[in-house]
Amino acid sequence: MVEPKIQAISYKVTKLLPGNEYIFRVTAVNKYGVGEPLESEPVIARNPFTVPSAPSTPEVSAVTRDSIVLTWERPEENGGAEIEGYILEKRDKDGIRWTKCNKKRLNDLRFRCTGLTEGHYYEFRVSAENAAGTGKPSAPSQYIKACDATYPPGPPSNPKVTNHSSNTVSLTWSRPIYDGGAPITGYVIEMKEAGDDEWIICSPSTGVQSTNYTVKKLKENAEYNFRICAANCEGVGEPVDLPGSVIAAEKLEAPEIELDADLRKMVNVRATATLRLFVTIRGKPEPEVKWSKVGSTLNERAQIDVTSSYTMLVIENVDRFDTGKYVVTLENLSGSKSAFINVRVLDSPSAPTNLEVKDVKRNSVSLSWEPPLIDGGAKISHYIVEKREQKRMAFTSVCTNYQVKVSEAPLPPGKVVVEDITRHSVTLSWEKPDHDGGSKITSYIVEMQPKGEDKWTLCSQAKALEATIIGLTTGEEYSFRVTAVNDKGKSDAKPLAVPVVVKDITMEPNINLLFNTYSVKAGDDLKIDVPFKARPQPEVSWKKDGHVLKQTTRVNVVTSKTSSKVIIKDANKEDVGKYEISVTNAIGTKTAEVSVVVLEKPGPPSNIKLEEVSADFISLSWDAPIYDGGCQINNYVVEKRDTTTTTWQIVSATVARTSIKVTRLTQGIEYQFRIAAENRYGKSSAIDSAPVVAQYPFEPPGPPTKLHVVHATKTGMLVAWGKPASDGGSPVIGYHIECKDQSSILWTKVNRGLLTENQFKMTGIEEGLLYHFRVYAENIAGIGPCTKPCDPVAARDPCEPPRNLRVTNITRNSVSLFWNGPEYDGGVKITGYIVEHRELPDGRWLKCNFANLQDTYFDVTGLTEDVQYEFHIIAKNSAEQLSVPSESTGPITVKDDVDPPAIIMEDKLRQLMVIKAGETIKIDAEITGRPLPVISWSKDGKEIEAKARCEITSTNFTTTLTVTDAIRKDSGQYVLTLVFAENAEDPQFLPSPPAKPKIIDSTKTTVTLSWNKPLFDGGAPVTGYRVEYRKTSDDEWFIAVQNTKTTEFTVVGLTPGAEYVFVVKSINKIGISEPSPETDKQIARERQEEPVFDISNEMRKTLIVKDGSSFTLKVPFRGKPIPNVTWAKPDIDLRVRAVIDTTDTFTSITLEKATRSDSGKYTVTLSSVAGTSSLTLNVRVLDSPGPPSHHEIDYWAGIPVQNKS
């Protein structure tokens, strides 16, 4: 025995052995004992569910170089148990093993798989898991390559106006920080006048290939706005606006001087070398340039070169007298500007000054002097004192305790090299001697020796370290040597290492790059100096990014015999790129490439994408800036804002990748995001995303379908429904069901947890009440709208069907039926029956009676002769419950049928009956026959009439004779006679007319009547009714309808405003009855009914609602015309706070998340031309109390206190 005493009609049996087969039996027990057991079928103890089927194949989105987002659909079969999670696996194309992507169980239908290797191919599969275990994996996805996608480029960065005139504006910009993963193919420039809204493309249709452009044909003094877009193979990216506006007018600039860092320091140059002072200048109009030297006049050897962008001072073979401060001065209409440069020539010092002879004695003198004005660029280490006698020409050294000056011939010069050779000349250069012999080198002697000769010939004498020997014979071979000379004499000669043949020499160009890459901070100047060698003298050209380098006021090229320089002022992103120098002469061409990087803050990111939108998070991705500012992007700054405010909030300022998942969002709020890139030089401008609402990417499901009560008893109801027509894009995860009794307006949720099945057994109901139900479906996006309430169903045991259905008569067009009432009426009175028939073999069941039938017999007429029918009966009780149909009569053929009368009686009644005086004589008999026979009782040949002691009770199938208080006189022979109905004659009477018809509706041209069937049908079925009418001012009757089978009819075609009366006549096969009494007078006009509320007393009671819950007030009403409905509550606009729904027959108001402020009186008002009606409903919200009021302190420390609050 499992359990001896169970009060309920269900029980959970536990502690069974898995896999064992069991049989259960249940026995009912009452106070009289134990009943018979009911056995179950064999049952195996095992889970009622299995592992789920495979989910759908994962779909791939948001592919980057190290991550992929995957989504999938739920399995079609959950195995009978709720899905608890998912397992996602991946496999490298080069591998054979599947590995898990998720460490924890996945509850969502999407996952971002990270940690992928760039360039590798992966496939993915997913498995579902429930209480029974993990199901089969899905089919694998296609192989997906982990790589960044290609998108349109970001906006260009750092747009600037470089120049403007009365009809042109020159623009420059830098490449986008992010190129979208594809090369930039060009740029599009758009412009508009400041007062216009329409942008006009002003660049060529093929786009601008460089990062600068001059817009022409502008209106003088007009104000313009410009913006620039970058384009790649994916399309045109976002534009960047030029800050501010530009007026097309001639530009005036005050003179500006830009000194290199080297010129801001002391410029040191060795004696005999060449001094070059290169100064970048600008100004509009072009300024006048003046060079000067402080304290003296400018050397006559000075050469000054001036252009619109630079000026250069060149002094060849400098000496100590060229030391000093040089001043450059610019002047134009806008002003003037000066700058100075300190130059120091490194040479031997000049002569001391102010030599004085003092204290002359016989054998000594005292000398004093001042330091030289020019120290030669180095500290004076000592002085040399010499003397000579007046008669002598040479000085001799004077030795003192402090120093001795020894002078001698210098050492020979250093290495001698050939600088250049032509057909008639040779240029030589050499190095200074390692020691000048203690005396200044005054000159150098160059000698030559033709081949085959022994004699050296003086060919040049120079003070510099270079000399050109001319007048040589072409083709001859010469040897050269160089000798240094000072006051003491000549040094030894230093020969050229190898003889030189005099001829024109050629040399293929050779470029000696100092650096391969130049970096410059934005706004600073840049000088690219490239030395080269070539003979004959080459031509030099420059290109930038494959295009000829265009010289402007900002970009200049200066080329000498041995080098070429690109000078860029105020560097910006436009200057970034590859610079190529090409050196060409008759021998060949040499090229070299130099990269220029401008260091500044990056351009903005581009192409913000909303990878995933959910209720509490949004995943963003974007493209890196096209231009990174010349250095690595350190991080991104992501901000968000609620679109109802202007305040931005930082989500993260340290985002390392180009994606982020923004969490902690509020569902239903619209957000906007902006993203800026940051490197070590600053933060870029931000790019804004489109506004997006934080919500699930799918909608709540639609209302369920086919809501109905399957079965109802006094203790419970089984409610069932179908799936919604639309699941909102996400599978339905369950349902919620609410109910209310018909007298209430408050719906109550009846399921505790989410319902996963499409039915629910409702218990705990109150017997006799009518209940409505409605159901909501829910998916991951939320709960959808509810169904329309189902028809009210009473909480009662179902009514059983009628019994003992029999056919009592059959004619050629009718069948007579008789039946017994149900054994159980559902606890309430049976109010009528519905007779249905159908034509065999496959006809539909049709209703036979259209009026309520309270008798247990009925004649079905209007049938077709020789056609087979079957019939059944449905019972209806006062709770509006319908029973299931009774058992069918079986096939009945409609034709005249004769069944002779028969009497069935007990044998004892056919024998002699002995009855004591005073007892009751009772004779029962069953009768049959078709048509129904006529019954008569007789005694001793005389017909028995019903008297005080004698009673005859007969039905269609039985007859009973009862004689009470029997006396001797009652002895005799009693005879029951059945007269065959075939001898009966058809009725020969007209039907009676209906009662007085009622007017139930009217319009301007119609009147609708209703009437009841006549009390007497004349012995034949009433086949229809005739409706007639006349104007009250006229005696002529008009027929509205000849024959209508219903007891309601609408008379049309009346004259608006006229007054009418109406009558109805009954029709059977004999003819037409007399007219019914006339209706009340009715004018043909729109019927007006004052608006009224159809509510019960229960609805007038105060509705009590808990805080935070929702409630609905539903008020039915009627009125003609349909009244206008308004809801009102003091101090609250219900159109904003609540949801109001109004139809032709009811109005309702629903408030979500009730608070204490929702308590109070709600007034609904109906108004029409027929009148006005108002109803006040009371609502009380149960909540924690508010703060106390009118507080007083009566005692303080035991002392009475008078307090006024």
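Note: Cβ is positioned from N, Cα and C throughout, glycine not excepted.
Source: prediction; values computed, not measured.
These come from TrEMBL:
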- 1-48: domain 'Fibronectin type-III' (DOMAIN)
- 54-149: domain 'Fibronectin type-III' (DOMAIN)
- 155-251: domain 'Fibronectin type-III' (DOMAIN)
- 255-344: domain 'Ig-like' (DOMAIN)
- 412-509: domain 'Fibronectin type-III' (DOMAIN)
- 509-595: domain 'Ig-like' (DOMAIN)
- 604-697: domain 'Fibronectin type-III' (DOMAIN)
- 703-798: domain 'Fibronectin type-III' (DOMAIN)
- 801-897: domain 'Fibronectin type-III' (DOMAIN)
- 901-974: domain 'Ig-like' (DOMAIN)
- 993-1086: domain 'Fibronectin type-III' (DOMAIN)
- 1091-1176: domain 'Ig-like' (DOMAIN)
Helix, strand and coil totals (DSSP H, G, I; E, B; other) for the domain 'Fibronectin type-III' (412-509): 0 helix, 48 strand, 50 coil
Whether the domain 'Fibronectin type-III' (54-149) meets the domain 'Fibronectin type-III' (604-697): three or more C-beta pairs under 8 angstroms: yes
Counts of helix, strand and coil residues, the domain 'Ig-like' (255-344), according to DSSP: 7 helix, 54 strand, 29 coil
Composition by DSSP (helix, strand, coil) of residues within the domain 'Fibronectin type-III' (703-798): 0 helix, 48 strand, 48 coil
Model confidence over the domain 'Ig-like' (255-344), averaged pLDDT: 87
Residue counts (helix, strand, coil, in that order) that DSSP gives for the domain 'Ig-like' (1091-1176): 11 helix, 49 strand, 26 coil
